[in-house]
Amino acid sequence: MLRMAAPEVERELSEEVQEETKTFKELGVTEVLCETCEQLGWKRPTKIQLEAIPIALQGRDIIGLAETGSGKTGAFALPILQTLLETPQRLFALVLTPTRELAFQISEQFEALGSSIGVKSAVIVGGIDMMSQSLALAKKPHIVIATPGRLIDHLENTKGFNLRALKYLVMDEADRILNMDFETEVDKILKVIPRDRKTFLFSATMTKKVQKLQRAALKDPVKCAVSSKYQTVEKLQQYYLFIPSKFKDSYLVYILNELAGNSFMVFCSTCNNTQRVALLLRNLGFTAIPLHGQMNQNKRLGSLNKFKAKSRSILLATDVASRGLDIPHVDVVINFDIPTHSKDYIHRVGRTARAGRSGKSITFVTQYDVELFQRIEHLIGKKLPEFPTQEEEVMILNERVAEAQRFARLELREHGDKKKRPREEDADDAESSLRVRKKVAGGKFRKKIH
Ligand code: AMP
């Protein structure tokens, strides 16, 4: 087996000297919001908050380059809420975001930070009934958090709704909004909101499209960057694991056993593989749950909530879930399939080691992935150590894993057939098909593995 580097454990950097960091109060945040931060356990501002909040409070536009998990939502939400307190107004701010999940999370943070001042927000995203959203908009919330496509639908079709008095526009994860071909929608939105407004543009990466948008939408912005190069957070221990592709499933099971007790996010490249691996793991007795684009919105939120509530310890996800999701307790990210775009690597591993916590990432590299892996190492500017494993112990698992693979394939096929039949229950998570499986295996695999 090809070995790329001797195993070594990355040294954790020493704890940041907290006392040297300014407080929210010293940044100019008003008393009532400082109290809320304290209640949320936000003791000191994060780096991006330190940089962005004072500038935003001066009324300047901001272009923010921040790592995932850096606290950027607080960096734009606190100044907006503070200005809203000073000059109360309905339909005060619009936050554009690329995904539905991210929209809900941003809304949760606005509601949490604004809880003591009665802030109302509305989430306007696809996959949810237009009528109930129209009713929410008719109540004129203070903050609208939206994906661009659905917002345009409402701007064009919902009577009485407009954003002509808007004071703040935030474009979060702008690079991703533009990569998802929302450029036309963003242009349309810019045309129907006041020119005289404040704009905050946040992006993980500074692409040409983002620069173009910056020129079109921002006035003399101040740049706030917590990482100028593509970087991953300091407390993240990153490893790779070079393995033949046919043993990927066994190695995954081995690692999940070795690191049992942690919460995992496992990234796969396709919806089908995500579903397959979820079924395979569940057949072996792990509490795994899938999250991918072929599941409907309710099922996706359901999966996410079960994982957030810690009733499931392994979330299998495609890149739909790789960015923006606020899942604070992920201990380990496993790149089961290597990301084809190396920037996705940064976003995936950004799911762990968030907000000062430590975390691990392990990237599976097969004989087909060497070039992609080298590109990732080049992008992050360092060579990763190999994750230590005992090959013999992995090989012992092969037989049981092969049996679980067969069942998973069967279930996938059954599930495919069901989907073809109309009026069948929509069984697009692994949970429902598992019921069939339990009857077959009695769910005894995990005990044997331990
Ligand atoms: P974000 O990068 O905005 O998605 O934030 C990532 C996580 O950090 C969220 O769970 C926030 O609640 C949390 N967070 C944001 N600001 C702070 C802070 N100053 N101190 C501690 N946690 C924070």
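The count begins at 1 with the first shown residue.
A Cβ is built for glycine as well, from the same backbone N, Cα and C atoms used for every other residue.
Here TrEMBL flags 435-450 as compositional bias 'Basic residues'.
Feature annotation from TrEMBL assigns domain 'DEAD-box RNA helicase Q' to 22-50. Over the domain 'DEAD-box RNA helicase Q' (22-50) the predicted model carries a mean pLDDT of 94.
Per TrEMBL, domain 'Helicase ATP-binding' is recorded for 53-224.
Among the features that TrEMBL reports, domain 'Helicase C-terminal' is placed at 235-395.
According to TrEMBL, the feature region 'Disordered' maps to 412-450.
The motif 'Q motif' annotation in TrEMBL covers 22-50. Within the same chain, residues 57, 64, 66, 70-72, 74-75, 78, 81-82, 85, 112-117, 224, 226, 355 sit at least 6 positions outside the motif 'Q motif' (22-50) and bring their C-beta atoms closer than 8 Å to a C-beta of that stretch.
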Secondary structure tally of the motif 'Q motif' (22-50) (DSSP, helix then strand then coil): 16 helix, 0 strand, 13 coil
